[in-house]
Amino acid sequence: MLDSILFTDATGFIYTQQDGHYAGNAANDEDGASSDATEGHDDEDEIYEGEYQGVPAYNDGKPREGQVALGQPVSDSLKSRKELENERQADEEELAQQYELIMQECGHGRFQWQLFFVLGLALMSDGVEVFVVGFVLPSAETDMCVPNSGAGWLGSIVYLGMMFGAFFWGGLSDKVGRRQCLLISMSVNGFFAFLSSFVQGYSMFLFCRMVSGFGIGGAVPIVFSYFAEVLAREKRGEHLSWLCMFWMIGGIYASAMAWAIIPHYGWSFSMGSAYQFHSWRVFVVVCALPCVSAVVALTFMPESPRFYLEMGKHDEAWMVLKQIHDTNMRARGEPERVFTVNRIKIPKQLDELVEMQNESANPVLKIWLTFMRCFNYPVKDNTVKLAAVWFTLSFGYYGLSVWFPDVIKHLQADEYASRVKIHNDERIEDFTFNFTLENQIHRNGVFLNDRFISMKFKAVTFINSSFLNCYFEDVSSVGSFFKNCTFVDSFLYNTDIDDSKLINSSLINSSFHHNKTGCQMTFDDDYSAYWVYFVNFLGTLAVLPGNIVSALLMDKIGRLSMLGGSMVLSGISCFFLWFGTSESMMIFMLCLYNGLSISAWNSLDVVTTELYPTDRRGTGFGFCNAMCKLAAVLGNLIFGSLVGITKAIPILLASSVLVGGGLVGLRLPDTRANVLM
């Protein structure tokens with residue numbers, strides 16, 4: 001880098017940088033141009049090094065309207081719209097270069113690491129939200145007696161909430177600020193996630209999880225925009241990639257908490273028969289803790305200084321930049337080092353009167369207008385390509401993420417069914433069953449004067465069997481049915497045997513007393529629950545090597561090479577699914593796929609952040625992330641419907657979209673050397 005950098009702006013103000021410091025001098029400053037942030041004046045009004053001079057005035061000694069004074073620049077009112085836009089573009093480019101130099105002077109240190117962990121908690125909450133859906137789905141639907149027609153809505157409606165949330169909060173962050181929007185969106189997520197653990201009705205539970213998803217939808221677009229705006233160019237790719245690790249940590253946290261809490265149904269209480277608080281609800285509360293922690297920590301962090309500059313709030317931006325500089329210098333043991341930036345470039349504001357009139361306009365309208373600007377030159381092509389890459393990567397990832405566990409469950413079910421015990425034409429008299437019957441089929445059996453006391457039927461089916469003078473007390477049944485059976489002179493007390501389990505069966509002089517009401521949570525000692533959480537834990541942990549590699553190589557081999565290469569390799573790895581004929585092989589394939597695809601996610605986050613200018617960064621990122629969640633919904637529906645039917649369609653579909661998306665990603669512009677516009 002040159003020892004001295006010098007450039008001027010439209011005001012005649014001169015910026016110099018020597019040995020990492022800024023100094024400035026401006027002619028003809030008005031007295032009123034000083035900022036409230038100014039400090040350090042002595043009795044003779046001398047200016048100390050590092051003193052902020054406020055916003056420089058553009059038109060010192062400007063002529064009256066309609067006149068052009070000799071030697072003075074032409075008034076804005078006499079310029080065409082195109083000329084004004086060109087001037088603003090030049091000002092923005094100059095500001096981007098100056099801001100990069102300022103961030104280099106501020107250094108990378110304690111402030112960035114503090115913000116790193118705070119924003120990491122927010123990103124961790126997004127990862128937790130995704131995994132919570134899959135973990136609580138079976139328990140929530142069983143606990144709330146959800147019919148088969150309503151099953152599966154929870155997963156889709158949460159992703160739909162996240163889709164609309166990403167677009168809304170991302171766009172709003174370009175208008176009211178990164179920190180403020182993130183605080184509000186995370187608060188919405190935390191409140192409704194906590195509330196959802198207490199509601200009893202499935203419809204209300206769906207509503208709470210949808211609004212919770214709407215809140216957390218803003219996390220990804222705002223977190224990456226916020227953090228990128230306090231990083232110098234040479235640090236941006238690596239540290240944004242390290243930030244992605246918190247999504248993985250969120251998945252590990254959710255898997256570990258699910259394994260530790262959900263299967264332990266003793267962790268529950270009830271208030272009568274109307275209110276039940278089972279262990280899966282405890283899990284939902286625990287999963288809201290990262291979000292609450294992020295909200296508390298965010299209250300101590302400042303707004304993005306780059307956003308302040310874009311909004312014309314230069315005094316506030318200078319104060320935040322000085323805070324960053326001073327925090328890092330104190331951590332380095334150099335508290336005496338002065339922040340030497342005196343003035344910051346002012347982009348020309350177009351249509352200021354219109355902007356002021358629109359201050360109270362509908363925020364949704366503002367977001368929509370900003371969104372439409374994402375399809376203007378020169379970012380139009382980038383928006384279309386990014387949306388395609390986000391959609392294809394998400395469709396393949398979330399589709400296979402649903403397909404893998406369901407295929408493993410299907411293999412488990414086939415293996416479980418192969419071990420079924422079949423009893424034909426048996427006759428049992430005067431016997432007491434006080435133990436669990438599991439995975440059995442009883443055909444044409446006769447049970448005479450038998451007692452079924454404090455026992456469980458688990459995956460047991462009785463076909464054409466007779467129960468004569470039998471006594472049932474405190475009996476629970478899971479996946480068990482009585483088909484074409486006859487109950488004669490039998491007495492059933494405190495059981496969960498009801499009409500749904502008595503298929504074409506008849507009751508003769510038999511009665512039910514104090515039947516268990518509601519859907520019973522009777523999955524104690526259920527090995528499959530532990531297995532599902534363990535598989536998800538392994539799949540999430542498998543991305544750790546990919547996270548490390550992508551962070552270390554992001555600035556060395558480039559974002560696009562990593563994006564395209566990772567997606568193509570992920571697509572190729574799908575063909576190995578042909579050999580997935582066992583649980584262990586499918587788990588290995590899941591880990592391999594997750595490990596290869598994570599580099600694509602990390603590089604896509606970095607590229608999306610760097611391709612959009614500051615005034616559209618949140619909106620553009622939010623739109624791309626909304627396309628990601630839309631693809632997740634479609635992937636869940638399409639891949640989920642193919643489980644147990646065929647392998648060919650999921651494999652070919654996932655491979656084609658991933659390879660196609662990777663090739664599109666390679667056509668994006670390289671952003672490695674870009675400064676943030």
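Every residue gets a Cβ built from N, Cα and C, even glycine.
Because TrEMBL annotations are produced automatically, they should be read as predictions rather than curated entries.
Feature list (source: TrEMBL):
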- 24-90: region 'Disordered' (REGION)
- 78-89: compositional bias 'Basic and acidic residues' (COMPBIAS)
- 115-138: transmembrane segment (TRANSMEM)
- 115-672: domain 'Major facilitator superfamily (MFS) profile' (DOMAIN)
- 150-169: transmembrane segment (TRANSMEM)
- 181-198: transmembrane segment (TRANSMEM)
- 204-228: transmembrane segment (TRANSMEM)
- 240-262: transmembrane segment (TRANSMEM)
- 282-301: transmembrane segment (TRANSMEM)
- 386-404: transmembrane segment (TRANSMEM)
- 530-553: transmembrane segment (TRANSMEM)
- 560-579: transmembrane segment (TRANSMEM)
- 585-607: transmembrane segment (TRANSMEM)
- 619-642: transmembrane segment (TRANSMEM)
- 648-668: transmembrane segment (TRANSMEM)
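This prediction places the mean pLDDT of the domain 'Major facilitator superfamily (MFS) profile' (115-672) at 84. Counting same-chain residues at least six beyond the ends of the transmembrane segment (530-553), those with a Cβ under 8 angstroms from any Cβ of the stretch are 131, 134-135, 238-239, 241-242, 244-245, 248, 251-252, 255-256, 258-259, 262-263, 401, 404-405, 408-409, 412, 562, 566, 587, 590-592, 594-599, 602-603. By the Cβ criterion (under 8 Å, sequence separation of 6 or more), the transmembrane segment (181-198) is in contact with the transmembrane segment (282-301), since 3+ such pairs are found. Looking at which of 204-228, 560-579, 648-668 has the most CB pairs under 8 Å to the transmembrane segment (115-138), the answer is the stretch 204-228. Between the transmembrane segment (619-642) and the transmembrane segment (204-228), the number of CB pairs under 8 angstroms, six or more residues apart, is three or more, so the stretches are in contact. Below 8 angstroms of C-beta separation, residues 115-116, 119, 122-123, 125-126, 129, 133, 140, 144, 153-154, 157-170, 172-173, 178-179, 181-182, 185-193, 195-196, 236, 239-240, 243, 291, 304, 605-606, 608-610, 617-618, 621-622, 624-626, 629, 676 of the same chain, each at least six residues beyond the ends of the transmembrane segment (204-228), sit close to that stretch. Only pairs six or more apart in sequence are counted, and the transmembrane segment (240-262) with the transmembrane segment (585-607) gives three or more Cβ pairs under 8 Å, enough to call it a contact.
Across 282-301, 386-404, 560-579, 648-668, stretch 560-579 shows the highest tally of CB pairs under 8 A with the transmembrane segment (585-607). For the transmembrane segment (282-301), same-chain residues at least 6 beyond its ends with a Cβ under 8 Å from one of its own Cβ atoms are 114-115, 117-119, 121-122, 124-125, 128-129, 132, 135-136, 179, 182-183, 186-187, 189-190, 193-194, 196-197, 216, 250, 253-254, 257-258, 261-262, 267-268. Within the chain, the transmembrane segment (560-579) has long-range Cβ neighbours (under 8 A, six or more residues past its boundaries) at 389, 392-393, 396, 400, 546, 550, 553-554, 585-586, 589, 592-593, 596-600, 602-604, 607, 647, 650-651, 654-659, 661-663, 665-666, 668, 670.
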